[in-house]
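Copied over from TrEMBL:
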DOMAIN    20-119  domain 'Mur ligase N-terminal catalytic'
TRANSMEM  21-43  transmembrane segment
DOMAIN    123-303  domain 'Mur ligase central'
BINDING   G125, T126, H127, G128, K129, T130, T131  ATP binding site
DOMAIN    344-465  domain 'Mur ligase C-terminal'
Amino acid sequence: MNISKKKSHQLVLSMNCINHIHLIGIGGISMSGIAEILLLYGYKISGSDLKSTRITRRLSTLGAKVFLNHSKEHIKNVDVSIISSAILKTNPEVIQSKILNIPIISRGEMLSEITRYKYTIAISGTHGKTTVTAMTFSMFLKGNLDPTIINGGYTKEIQNTIKLGNSPYHIIEADESDASFLYLRPIIAVITNIDDDHLENYHGKFENLKLAFIKFIQNLPFYGIAIVCIDNKNTRNIIPLIRCNVITYGFNLQSDVRINKYKQKKFLSYFTIIRKNRPKLNVILNVPGKHNALNATAAVAIATKENISDIDILKSLKNFQGVERRFESCGKFLIKNPLFKNNILTIIKDYGHHPNEICFSIKTAKSGWPRKKLIMIFQPHRYTRTHYLFKKFIKVLLKVDELIILKEYPANEIKIPGSDSISLYTKISQYKGKSITLISHYQNVFFALLKKISGNDLILIQGAGNINTIIENYIIKNLKKINKK
């Protein structure tokens, strides 16, 4: 790939003494996006992570020096170090940067520098922000506005998390998980919803998380625009505190941009969007679920404000390719079993790891495939999340027909007693009539699945950890794929 070495004029003005930037935790989905943008701007990039992945290999191909371990020896002739929220203060590269008086900044702080002089559209919210970011980008692209995107997931349209455009428009995912979105100064900001996630970074208090969202939206200038979903009570309640123009959206009858007559047919959504003083939009959306109708409507509110034509809006939604691991079809697979008349499995994978996200997945699956038995393979993600939301996890996991729970993905967290896969399994097993299997060794997952299938099943792969790799290695490799959907 041809990487331009011409630095952004504005970025040079704000970082004129910076040449070599080192990213500690460069292999993360968000950190890698920052690294690639900086490479495109012409900076010398190095970074470290613990293993080789398609992300680290891509960055190496683009010109970054990637180390597959953490060592103080990597901090040589570095002008600034960027750290992800997963990096501990005891990391040898962090310590060495401090010894050498090298500035250490967060990913969010660098993102704010990249977008400082731009027309920034920041998409925030506990759920849906990655998809809204991708949808908004798609509309701007269709409208020939040549935007830049910096997303927290792989946008299928570009097969990447980022794309550098030539216009002032920067469409970015604003991450609340570590409050790094407070560095941003957008012109347009979206809040899709506010929910009880990442509480470990907010002293365990939901009120602290809500206050962070209030501060984020109050960073908008007086001429800015806040786009807020009023179906969510937490976002609805902060509207009186917003000090600029507000556009509301949702199924709620009071919404400025309202969804009406929603229906789902497998992977497609059909609905009408009603806008004040504008024609109705009869939408065909190429991803399913009411939550995705909400995501699309947020993007429509932005696109309408920026005068993108209705034709381009509708085309982008009809052709929207989605984001990796967001209710993504793995395809249909043939099971060789003479006991079944129908030997076909439908497999869908979804990144959702919060109880409400899991609920969205279950509702979408049951709405699109009401006659199929729903088998979920779930991997808990983070001990802290399971700890804070344990009762909610139990409630939502009871909604599936068959459940397989994999060993938890800790994400570098220290184990919390009573907040792991065994604890979830033990509690759910107490409910009569519930079929649940606990998998401690990943290689056993295929045989556990074989015991549960009936010949008319939808398999939902649910979680944010390494479950995707596990399923590829131990299930999909053992099946014969017959088509994409």
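First residue shown is number 1, and so on along the chain.
Cβ coordinates are placed from backbone N, Cα and C, and glycine is handled just like the others.
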Summary of DSSP states over the domain 'Mur ligase C-terminal' (344-465), given as helix, strand and coil counts: 48 helix, 32 strand, 42 coil
Position of peak Cβ density within 10 Å, selected from the binding-site residues H127, K129: K129
Neighbour-count leader, CB within 10 A, binding-site residues: T126, T130, T131: T131
Env. residues of ATP site, Cβ within 8 Å of mean position of G125, T126, H127, G128, K129, T130, T131 Cβ: I123, V132, T192, N193, N295
For G125 (ATP binding site), nearby residues of its own chain (Cβ under 8 Å, 6 or more apart in sequence): V132, E176, V190, I191, T192, N193, I194, C229, T235
Three-state secondary structure, T131 (ATP binding site) (per DSSP): helix
Chain-internal residues near G128 (ATP binding site), provided their CB is under 8 angstroms and they sit 6+ positions away: T192, N193, H291, N292, L294, N295, A298
